[in-house]
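S.K.: Have a look at this one before I ask anything.
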Amino acid sequence: MSLAKKTTTGIIWNFTETMSKKGFAVITTLLLARFLTPEDFGLISMMAVFIAVAGQIMESGFKQAIIRKLGATQEDFNTAFYSNLFLGALAYVLLFFSAPLIADFYEETRLIVLIRVLGIVIPINSFQVIQSAILSRELNFKAQLKATVPASIISAVIAIFMAFNGYGVWSLIIQMIVSAFLTTVSLWLMRLWTPTLTVSQGSLFEMFGFGSKLFISGLIDIVFQNMYIVVIAKMFTATIAGHFFFAKKIKELIANQLVNSVQTVTFPALASLQENNASLKSGYRKIIQVTTFLIFPSMLFMAALAQPIFMVFLNDQWLPAYPYLQLMCLSHIMYPLHSINLNILKVKGRSDLFLYLEIIKKIFAVAVLAMSFQYGVIGILIGQIIASFIAYIPNSYFSGKLINYPAREQIYDILPNLLISGTIAVTIYIGVEISTLPALFELALFGFLAGATYILASYIFKMQAVNILEHIIREKFRRKTHG
């Protein structure tokens, strides 16, 4: 199988894995929303940035370093594994003792015990980093699917049971802990790798030299991605923070999971071509066409159908959140392009440029937030949209320099996907606004029309992504047919 086919297949499997895992989480969240209040979700949102930062400290770029390193040895795996265990324990200790300070910041004493319990996921996850890295190196995301789906189902059932019986916010916390534990156990039962006691100081310095810059840039990105919810929770109310956080979780079902799938799969795949710019560009073009073929309609159609989605699946206490979802979808249509462009820098070993770009973009984003928060949550989200589109300029600039794939060529490759999905989304949005049908009929009718029209238009205009996907599917079917 060629690298382009293997990579696209990997994206599909990884997207299936993340959709299965997060899909169950979001479905569970929709069910939990009928038993919990926006304030309960607001409490979770207040902890999100601190848990994410602790997770980044635990990983510290070692996973990416292992994936990228050609001919990684047992000593490399051991060194990264024990480093992750140590850093995971350290991160949890920091969380434990900083919990009172976090509670004081938000003026919410309940956060102390909540943070100390939820933080357990960090040392649990430290045991699975290398196992996951090994599967990512092999582009074996089908195996990851087998580990994550059962964990998601079991944790979802437990969370729903607890919410139904009045456990409130603890339902969400226990769900995350159980999911992390079962996923870790499943990966170890696959016996992908067994640690030994041999470690290497040279390996540690080499991996940390590469991974440390990714760690810092990742840390900056986590703080940046969560600074909106921190500001909202601090400046407004827990209920408004809950509405924002809930809309963010719904958006993540499609947007973030596809972006993560692209990053997870394209990095190890393109790393094998790091010395061949022509092949790297060719593979990159196919990946970017397929990714935008999926993400543009997903985000734009979700924005157009946000109101009936909320009216069908949720009760009235959540309706103020649907405009947030619409704007979040618009701000995230560019994220796959950001992630793929940044992966080129990692493949080329330019983690220095990666860090430089992250710092510059985040300074700009903070400035936009400082100017927009006075206009409320809607103003903050409009600022996100502006920042996202402007951030594409420096991201694509360096890709153009490194592999001769400048922004104008990228835009030329993605423009058909954007124009077709955008036109359909605007039409559907107008239809929803003027419709007098019940919300369920609106969602079913306009959702079907949007999907069917997009598929039909894709064939009429002979979009390149369709040919790539069809070829992969035919090859897969042919191999199965012929044993």
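Backbone N, Cα and C atoms are what each Cβ position is placed from, and that goes for glycine too.
Annotations for this protein, taken from TrEMBL, read as follows:
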TRANSMEM  41-58  transmembrane segment
TRANSMEM  79-99  transmembrane segment
TRANSMEM  111-135  transmembrane segment
TRANSMEM  147-164  transmembrane segment
TRANSMEM  170-190  transmembrane segment
TRANSMEM  202-220  transmembrane segment
TRANSMEM  226-246  transmembrane segment
TRANSMEM  287-310  transmembrane segment
TRANSMEM  363-394  transmembrane segment
TRANSMEM  414-432  transmembrane segment
TRANSMEM  439-461  transmembrane segment
S.K.: Look at every Cβ pair spanning the transmembrane segment (439-461) and the transmembrane segment (287-310), keep those 6 or more apart in sequence, and say whether at least 3 of them are under 8 Å.
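M.R.: The answer is yes, given that the two segments have at least 3 Cβ pairs within the 8 Å cut-off.
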S.K.: Which one, 147-164, 170-190, 287-310, has the most C-beta pairs under 8 Å toward the transmembrane segment (111-135)?
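M.R.: Comparing 147-164, 170-190, 287-310: 170-190 has the most Cβ pairs near the transmembrane segment (111-135).
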S.K.: Near the transmembrane segment (79-99), which residues from the same chain, at least 6 beyond its ends, have a CB less than 8 A from one of its CBs?
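M.R.: 50-51, 54-55, 57-60, 62-63, 65-66, 111-113, 115-116, 119-120, 122-123, 125-127, 129-130, 133, 195, 199-200, 203-204, 207-208.
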